[in-house]
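As recorded in TrEMBL, the features of this protein are as follows:
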TRANSMEM  12-34  transmembrane segment
TRANSMEM  54-76  transmembrane segment
TRANSMEM  88-108  transmembrane segment
TRANSMEM  140-159  transmembrane segment
Amino acid sequence: MPGRMLRSCVQTALKAVNSVVGLAGMAVILYALWMLRAWYREVAQLDQHLPVPWFIYAFLGLGIFLCLLTCSGHIAAETANGHCLSCYMIIVFVLIILEGAITVDVFLNTNWEEDFPPDPSGKFDEFKVFVRSNFEICEWVGLSVVAAQVLSIILGMVLRTLGPDRETDYDSDDDTTVPARLPLLRNQSQHGPDYAEPNTSRRSDSWKLRILDNVNN
């Protein structure tokens, strides 16, 4: 029972931490859809053919990826399967490395904007202005998401160590009566159809002796 309670607490905590990543993914999707709608309005007003805005679709793909990662994390937490948890932790770890690499490139490289292709929609510049004007809020949001990802890896490792719940309860009558009948069936199958009970063989022998005694007399 203590192991089962501990496993249940770890599963609940992993789902809760994983939900933070899911909320961040949904927020990114909504922001990307808003930018895409605004871009289509501008294109309709200009009546020009502009190239695909990579920044908007990159944001949309990131949000979808975070939502799918959240779903896989919930499945891994519910089943407590070792393979599912390992795959989930590896993906989250790779995501943290990519986020760290991008953050280091932005802070250490003065020409980091040249690493990205030009954005004809101008939404990339608007996003930079928004982040700079709300840097403290964006910083806390980013740290919260990264902390949730790190905690999800730690909780996944703990849950993988505990393993799935292998305890089974046999509460039905069939489960208790069938094993008791198995030895009788096994004895009958081992003896075969030609097997005769000891009492019947003794009776037949005594009957033969009586017949021989009557014949001799």
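Glycine is no exception: its Cβ is also placed from the backbone N, Cα and C atoms.
When the stretches 12-34, 54-76, 88-108 are ranked by Cβ pairs under 8 Å to the transmembrane segment (140-159), first place goes to 12-34. Within the chain, the transmembrane segment (54-76) has long-range Cβ neighbours (under 8 A, six or more residues past its boundaries) at 14-15, 18-19, 21-22, 24-33, 35-36, 39, 84-85, 87-88, 91-92, 95, 116-117, 119, 121, 123-124, 127, 152, 156.
Same-chain neighbours of the transmembrane segment (88-108): 69, 72-73, 76, 115, 146, 149-150, 152-153, 156-157, 160, counting only residues six or more beyond its ends whose CB sits under 8 Å from a CB of the stretch.
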